[in-house]
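As given in TrEMBL:
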{"type": "DOMAIN", "residues": "B:17-361", "note": "domain 'HTTM-like'"}
{"type": "TRANSMEM", "residues": "B:20-41", "note": "transmembrane segment"}
{"type": "TRANSMEM", "residues": "B:82-102", "note": "transmembrane segment"}
{"type": "TRANSMEM", "residues": "B:174-192", "note": "transmembrane segment"}
{"type": "TRANSMEM", "residues": "B:198-217", "note": "transmembrane segment"}
{"type": "TRANSMEM", "residues": "B:229-256", "note": "transmembrane segment"}
{"type": "TRANSMEM", "residues": "B:297-317", "note": "transmembrane segment"}
{"type": "TRANSMEM", "residues": "B:324-352", "note": "transmembrane segment"}
{"type": "REGION", "residues": "B:383-402", "note": "region 'Disordered'"}
């Protein structure tokens with residue numbers, strides 16, 4: 001465990017890490033001999049308190065690590081019996097997911113596309129063509145050393161959220177399903193008003209979102225062959241709230 | 001049993017008498033605070049869209065979700081634009097203060113509040129990097145991460161030097177004022193019923209009370225023993241938190257590695273090819289094509305990644321092997337930063353890796369940074385107050401290179 005530290009000679013004096021502490025007392029002896037620290041410097045009464053603190057910290061640390069471990073481990077005998085306790089401990093602040101590109105990395109490009117029904121100034125109703133918002137994100141990321149979360153995560157994860165909270169027939173599941181719909185709708189409306197020439201000219205009435213999933217073509221040196229044709233998942237038209245239609249999402 | 005008890009008492013003495021790994025804890029403090037600070041500055045133009053009250057993940061949506069999952073966020077205490085701007089600015093200031101080690105413990109608490117407030121406000125814009133910072137911001141609160149490379153350490157060293165010369169050192173004013181202001185804020189938030197869950201408020205109140213106690217106990221020369229007890233508790237907390245931070249880093253690698261072992265793409269050696277060709281993770285398509293032009297290289301990278309991730313926790317028992325893997329992992333993350341366009345994730349991971357760096361290396365790094373700073377200051381001319389020489393600053397083990 002302490003392989004990280006070949007030399008623990010740090011400053012032994014208490015540090016300035018506590019926001020409000022006052023400077024140390026001047027040393028009583030000259031030259032100052034380093035005062036004994038740790039439990040050894042304490043009388044038995046205080047040693048009990050120190051031992052108690054040590055025990056509490058040790059137990060809390062071990063329990064915490066065990067809970068985090070169980071939350072990360074695959075479903076097993078222990079989590080089947082005590083899953084709720086693990087969840088209660090870990091959520092919401094210690095939630096974590098480290099299945100990074102695992103077990104398999106994503107092998108499809110999922111593009112979110114949108115079209116809108118716009119009430120023009122002359123009163124006419126126009127339906128725009130499909131706009132590929134993910135392609136816009138991809139273009140913004142190209143050649144970018146520091147892609148923004150707005151380009152890399154916002155739409156991508158909003159779609160993941162929606163896909164995870166919707167049944168195969170596109171019906172929302174639970175409160176999160178409804179939240180995910182509102183979220184995705186607000187993203188696409190914001191972006192249409194920002195970039196789509198037709199939408200900017202009028203007032204958006206309804207929007208329709210679809211995803212286009214295309215397999216990443218296998219590497220040239222592998223002999224695999226897979227379809228290059230995109231698969232679409234088309235969601236129903238969504239009506240906007242008055243706030244969204246008025247460009248209230250910024 | 002007879003041989004066990006001296007070992008045990010030596011162990012207890014070690015974890016109670018000092019906050020171990022002062023350089024390691026300082027380097028992760030600088031790493032995490034710096035990553036979050038750079039992120040906040042980078043997203044400054046996009047802050048409304050990501051976290052603002054009328055962004056796509058609007059105030060009402062966020063409120064509905066946090067009412068359900070009880071995550072802590074101060075951003076939802078008001079839907080006002082001013083409140084949002086203040087919170088964002090405070091999050092920036094707290095990161096800067098933690099980076100510099102100014103009132104480190106208080107800064108770490110404010111840093112945590114900033115990280116949690118922003119991330120829990122908009123959970124769906126984050127990625128693995130945010131997740132690392134989220135956890136570490138909580139763990140950092142328990143550490144004494146300002147022992148070296150911090151303004152606090154410099155202030156303490158100057159105070160000690162002045163006292164050694166027999167000079168009078170004026171009492172600290174900033175600390176008590178800061179404490180009172182934050183206590184007022186905490187009290188207001190509690191009395192107006194802003195907190196919904198117990199964990200974070202309890203942590204904040206405990207820390208606030210402990211800081212007050214620390215100050216009070218430090219005032220009386222006669223209270224030597226309570227002071228030592230508080231010092232022991234602070235050391236134990238620090239050492240425990242450092243173990244948790246190291247274990248967390250191991251859990252990250254173990255999870256990432258062991259789940260990859262099960263994946264068919266990692267087994268057939270093509271796994272690395274795919275992220276390189278996802279539109280969202282390929283800022284440099286030509287570079288990605290170049291890297292994936294050889295199936296053999298791709299397979300070596302895929303297998304190497306899995307092996308390193310699975311092996312890392314076990315190599316902690318051997319310094320030399322651990323250091324080799326550390327170099328490999330930091331290099332891989334640096335490559336990921338550019339090739340997959342994930343700079344902040346990579347920075348956060350490199351900061352987490354840094355907790356395992358050897359002290360000798362970190363001290364050399366500190367000396368180098370102090371010397372570079374000295375040169376810079378000299379070049380800037382005489383308008384800058386003369387910096388302390390690197391020799392002087394290393395003599396008391398305090399480098400001011402943060």
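Even glycines carry a Cβ here, placed using N, Cα and C.
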Going through B:82-102, B:174-192, B:297-317 one by one, which has the most CB pairs that fall under 8 Å from the transmembrane segment (B:324-352)?
B:297-317
With Cβ distances under 8 Å as the criterion, find the stretch in B:20-41, B:174-192, B:198-217, B:229-256, B:297-317 that has the most pairs with the transmembrane segment (B:82-102).
B:20-41
Can you give me the average pLDDT across the domain 'HTTM-like' (B:17-361), rounded to a whole number?
96
